[in-house]
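Sequence annotations record features per position, and here TrEMBL assigns S-adenosyl-L-methionine binding site to LEU84, GLY124, GLY125, GLU126, LYS127, VAL128. Under the heading compositional bias 'Low complexity', TrEMBL lists 195-204. The annotation region 'Disordered' is assigned in TrEMBL to 181-211.
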Amino acid sequence: MNDAREVVVLRYGHRPGRDDRMTTHVGLTARALGADRVVLPDNAGQSAETVRDITDRFGGPFAVELRDDQKAIVRDFEGVVVHLTMYGERVQDVEAAVREAVGLDEPAVVGEASPPRDLLVVVGGEKVPWALYERADFNVGVTNQPHSEVAGLAVFLDRLFAGAELDREWADADRRVVPEATGKTVVDADRDSADASADAAGESAEADDRD
């Protein structure tokens, strides 16, 4: 989402059949909430295809990779490594330090921001090795309670980008959702929002008349 640094989400481990839906949602959440790339295990091909299809239809840029060397990815990563785990430090206690580490901090003195660094966010799909806890620069917990790793990733990325990811513009999209109080309108990406909303309102009125 930022040319100065790359935010990569690594899905660590995948059990075909059992984890298919969750791994897919890790990829979709990474894309929707500001990451630049997701790396999935090489046995998660169906999840990768789904995320690529969504990116093709609803825009990017966003990259999807399949790799079989997850340990090496973590070991050799040259930026900051964050491991999301129920047992980590509370996200609200370390978010400022993480933002500073990757150069997303907002210093009191203009011009004194930390230099940008790439970030690897590791999301476990099964029991992860203790070496990952030791390698990570930050082990981060969202509530320190059992819940979905997808929810943890979403909260972390929102804290990382301070909400800026919610206003992201999507390039090369074929389709676009029109925000509405009610209704479900999806239009060609190059259509004007006002025209699309007017058409949706007209269709809704026609449906009411038929009722």
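Glycine too: its Cβ is placed from the backbone N, Cα and C atoms.
Take LEU84, GLY124, GLY125, GLU126, LYS127, VAL128, the residues named in the record as contacts for S-adenosyl-L-methionine: the widest Cα to Cα gap among them comes to 12 Å.
In the three-state DSSP classification, GLY124 (S-adenosyl-L-methionine binding site) falls within a strand. Between the binding-site residues LEU84, VAL128, LEU84 has the most other Cβ atoms inside 10 Å of its own Cβ, all protein chains included. Apart from LEU84, GLY124, GLY125, GLU126, LYS127, VAL128, the residues listed for S-adenosyl-L-methionine, the same chain places the Cβ atoms of TYR12, GLY13, THR85, VAL123, GLU149 within 8 Å of the centroid of those Cβ atoms. Note: GLU126 (S-adenosyl-L-methionine binding site) has non-local neighbours TYR12, GLY13, HIS14, ARG15, ASP19, i.e. same-chain residues 6+ apart with C-beta under 8 A of its own C-beta. Here the Cβ of GLY124 (S-adenosyl-L-methionine binding site) has 18 other Cβ atoms within 10 Å, regardless of which shown protein chain they belong to. Under 8 Å, Cβ to Cβ, and six or more positions away along its own chain, GLY125 (S-adenosyl-L-methionine binding site) finds ARG11, TYR12, GLY13, HIS14, ARG15, ASP19, MET22, THR23, VAL26, PRO41, GLU149. The C-beta environment of LYS127 (S-adenosyl-L-methionine binding site), restricted to residues of the same chain at least 6 apart in sequence and closer than 8 Å, consists of GLY13.
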